[in-house]
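Working notes, structure below.
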Amino acid sequence: MEHIQGAWKTLSNGFGFKESVFEGSSCMSPTIVHQFGYQRRASDDGKLSDTSKTSSTMRVYLPNKQRTVVNVRSGMSLHDCLMKSLKVRGLQPECCAVFRLIQDPKGKLRLDWNTDAMSLVGAELQVDFLDHVPLTTHNFVRKTFLKLAFCDICQKFLLNAFRCQTCGYKFHEHCSTKVPTMCVDWSNIRQLLLFPNPNNIEGGSHTLPSLTMRRIGESVRIPVSSQQRYSTPHPFSFSTPSPVSECSLSQRQRSTSTPNVHMVSTTMAVDSRVIEDALRSHSESGSPNNLSPTGWSNAKAPAPTHREKAASSTGQEKNKIRARGQRDSSYYWEIIASEVMLSSRIGSGSFGTVYKGKWHGDVAVKILKVTDPTPEQLQAFRNEVAVLRKTRHVNILLFMGYMTKDNLAIVTQWCEGSSLYYHLHVLDTKFQMFQLIDIARQTAQGMDYLHAKNIIHRDMKSNNIFLHEGLTVKIGDFGLATVKTRWSGSQQVEQLTGSILWMAPEVIRMQDNNPFSFQSDVYSYGIVLYELMTGELPYSHIRDRDQIIFLVGRGGVVPDLSKLYKNCPKAMKRLVADSIKKLRDERPLFPQILSSIELLQHSLPKINRSALEPSLHRAAHTEDISSCALTSTRLPVF
């Protein structure tokens, strides 16, 4: 029991435990780990003089090849005298043993921490680690992090830094003073907590006291960058620790009483899941887990067969834990409905109603016309949101999130400008030809981007094209096939969607299971070009909606191209005619459309700046010269 207490208090110093987990007496294990002890030199023998006896001091050799001299006062125990020296080095007296060095015969005698310190004035003491403490030394290497990584000390970006090959601790060079002294052997800790060995028990059975999750939550502190590093067991090597001088960043060996600044221990991260799993297994078993000091030492050196088995299954365990810990990335794009404040209703369309709202600024909220969505619809909606959230383009409205509570809704950026439909058919804005061509180019550029992402708009029209901050085109209401289709049971059934004036003939006929395609978006874009180049809507002479559906679906009517502006370029007229062809396969795709409009823009005549200087400047220059000539003094001629 004492060994378990000492080990837990050791870990509490490194992991930031605010309160002691165990309460009891000090460790009294007869076993000692000699590899951590201070190696005395021959020159150190006989250095203790009579002055040290008269000054009431003791010389103490500490782990990690350090030493110090402590003052002794009357009434102080050995524990009280050495507490400060051990604390500044990140050590706990409960996990160490103290010995008195004997000169003749040469050896050492184990002392109790409660021994009166006055009886040891002038003596030489040695402090060693107990054998059940699962610690090892770091194995630092310099590493260039090509992938995104952060310092475990300051949480800042890493590029050229250091990393421990054993525990994975990574840090900047200027953060090395805060690196924990000892490397935590996580495989031993996990084996101790989860796989105790009840067969090797000496001196009776010892049980692990129960811990509440409240105390664990209060004591464990997990930095963000360390949550993944210790989330899976690591197959550490169990070789003898190398000397500290080889892994302390090339710092010279300290021989004075001042502690090595590169070895000062600080709060180290620990994954709470390790302790939670141990508590869960402890509570489910119904009987206490038996632990002993021998169990600690056995966990430190497992059998070769066990190590080979653990190494072979490490990949499978890592994949299982990672799969369990991952969360759907679309979860972070879902917005809580109570955080969005709706202000005014902007309008309604074929698939929903648009409101202006407030969510960290002005946003547009489109509440979709889907009542009581089924689990299949919700999953399909989330799948499409996962595609929409990856769209980033200057001519595309920025997708900001979605909502599923009460109603399905999407949140996009707010566009201050009006729609192209409002400019052309309500405000009757008079655009110049080069402005109309530029609007057509930006629209084609945005649609080309969507098609490159395999997103079909399905509702391309002038109402969904917005002029933002001047003449910057923003395309909205794209994608969302889930809400633009009719559901029959758990299957999607295509239905007549969109405004009929911009619908392609094959979409109106609905003869195919999925009539929507890149070419159907091209047809809708062709109608938008017709609006730009005429300032009118197509089929204005037909008043009956059903008649338009019948005639367009059968191919009996096409937009009247004779109404195009007289100054419309011939290339633009051909592009409008090609985009609204009856046969789907005869229409061009947006890469071809975009290149055609860009060539047209370059061929348009431009007003070049005159190379002549302004006459005002020349007149002023001439006036200055003439004034100088008039004011010049003429010398008399003799």
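Residue numbering: from 1, along the chain as shown.
In case you wondered, yes, glycine gets a Cβ from its N, Cα and C as well.
For reference, Swiss-Prot has these:
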type	residues	note
ACT_SITE	Asp459	active site, proton acceptor
BINDING	His138, Cys164, Cys167, Cys183	Zn(2+) 1 binding site
COMPBIAS	284-297	compositional bias 'Polar residues'
MOD_RES	Ser43	phosphoserine
MOD_RES	Ser257	phosphoserine
MOD_RES	Thr266	phosphothreonine
MOD_RES	Ser329	phosphoserine
MOD_RES	Ser490	phosphoserine
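Structural mapping of features recorded in Swiss-Prot.
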residue: His138; record: Zn(2+) 1 binding site; DSSP (3 states): coil
residue: Cys164; record: Zn(2+) 1 binding site; DSSP (3 states): strand
residue: Asp459; record: active site, proton acceptor; DSSP (3 states): coil
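Cβ contacts within 10 Å of Cys164 (Zn(2+) 1 binding site), excluding its own Cβ and spanning all protein chains shown: 20. Within 10 Å of the C-beta of His138 (Zn(2+) 1 binding site) there are 26 other C-beta atoms, taking all protein chains into account. The Cβ neighbour count for the residue listed as 'active site, proton acceptor', using a 10 Å radius over every protein chain in view, is 24.
Cβ neighbour count for Cys167 (Zn(2+) 1 binding site) (all protein chains, 10 Å cutoff from its Cβ): 22. The CA atom of Cys164 (Zn(2+) 1 binding site) is located 56 Å away from the CA atom of the residue listed as 'active site, proton acceptor'. Recorded residues His138 (Zn(2+) 1 binding site) and the residue listed as 'active site, proton acceptor' have their alpha carbons 61 Å apart, per Cα-Cα distance.
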